[in-house]
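Enquirer: Below you'll find the structure I mean.
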């Protein structure tokens, strides 16, 4: 991580200020400066909130409530059949034209091919749903970093300092005690 030459004092020691990604530009410019950056930094609040709400609802259904995608798909199909049934009954009652439902005739091979394709695509979709949590982080972390940049960089500097101390201690207590044999010179031909 690049370190700027500015130092912040925390009382008794000085901690270097860390700029992540070696950046000298604002976070908005790093994210592309367009509509995506506006959404990620919550400058377009309606779109960001809608996107976050939609993804959260999907996450809630599938992860918290443990709702299966197949169950959801079946409920949607049942509801669609109910609506078509009610529409056909009311069409007969009110004298409207009934809905035209094409007759589907299929053989077993075509059905297996459709089911196989559906199964493969469903698995791909479910794999993508596993990354929703990463998407939520991607949606909120840039905004939080831009808003609390000084605090994040201060704590990152503290963590870097502690990690360096821990490595030095590990090196002196463990790694230096490992016996090493004489180094053999490589033969060159």
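Backbone N, Cα and C define each Cβ position, glycine as well.
Any TrEMBL annotation is an automated prediction that lacks curation.
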Enquirer: Do you know which of 9-26, 27-44, 45-62 TrEMBL annotates as transmembrane segment?
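Expert: Comparing 9-26, 27-44, 45-62 with TrEMBL, transmembrane segment matches 45-62.
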Enquirer: By Cβ distance under 8 Å, which residues at least 6 away from the ends of the transmembrane segment (69-89) in the same chain are close to it?
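Expert: Same-chain contacts beyond the ends: 61-62, 98-99, 101, 122, 125-126, 129.
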